[in-house]
Amino acid sequence: MTASSVPPKVGIVMGSRSDWDTMQHAAQKLEQLGVPHEVRVVSAHRTPDVLFEYAASAQSRGLRAIIAGAGGAAHLPGMLASKTAVPVLGVPVQSKALNGMDSLLSIVQMPAGIPVATFAIGNAGAANAALFAAAMLAADDATVAAALAEFRQRQTDDVAGNDDPRR
Ligand code: RP5
């Protein structure tokens, strides 16, 4: 069975289709690690009712983590977190006007009581959010744990095997 043909355990959501360039890095990592996931555009500003419905049903649909990427006045991760007990991992998308500083501060500065785990701006944040979600699942999923361990070992081997930058 492929990761995409079983019920999703991780939801990847983003405020706009324009965020996909960034958020595809989360999807690629989950795909590589065999973590079943879904991808949706859900906007805090343009489709607030969809956001509420997505968050309200996330736990009963079996989602164990939601990776939420947004740019600018990035309310999506915080609003999702306010409506679900499923952990929300926020990815600040690099905005054009302020290079993602606006996204980062919007997501990271949650008032005490409703946490959002916030990652780096842009592609690295999207990839790391996926690795973090996989690590959460790995606690009780031996297959994901093995895939994650293999990924990390390959990364270590790649660096160790190419340690002269002139080559
Ligand atoms: C946010 O506004 C989205 O997350 C996106 O990063 C940003 C710009 O959206 P578009 O104008 O490209 O649709 O809601």
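Quick reminder: no glycine exception, Cβ is built from N, Cα and C everywhere.
Keep in mind that TrEMBL annotations are predicted by a computer and have not been checked by a curator.
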Looking at substrate binding as recorded in TrEMBL, which candidate out of Arg40, Arg46 goes with Ser16, Asp19?
Arg46
Based on a Cβ-to-ligand 1 distance below 6 Å, what subset of the binding-site residues Ser16, Asp19, Arg46 would you report?
Ser16, Asp19
Measure the Cβ-based neighbour count of Arg46 (substrate binding site), defined as the other Cβ atoms within 10 Å of its Cβ.
11
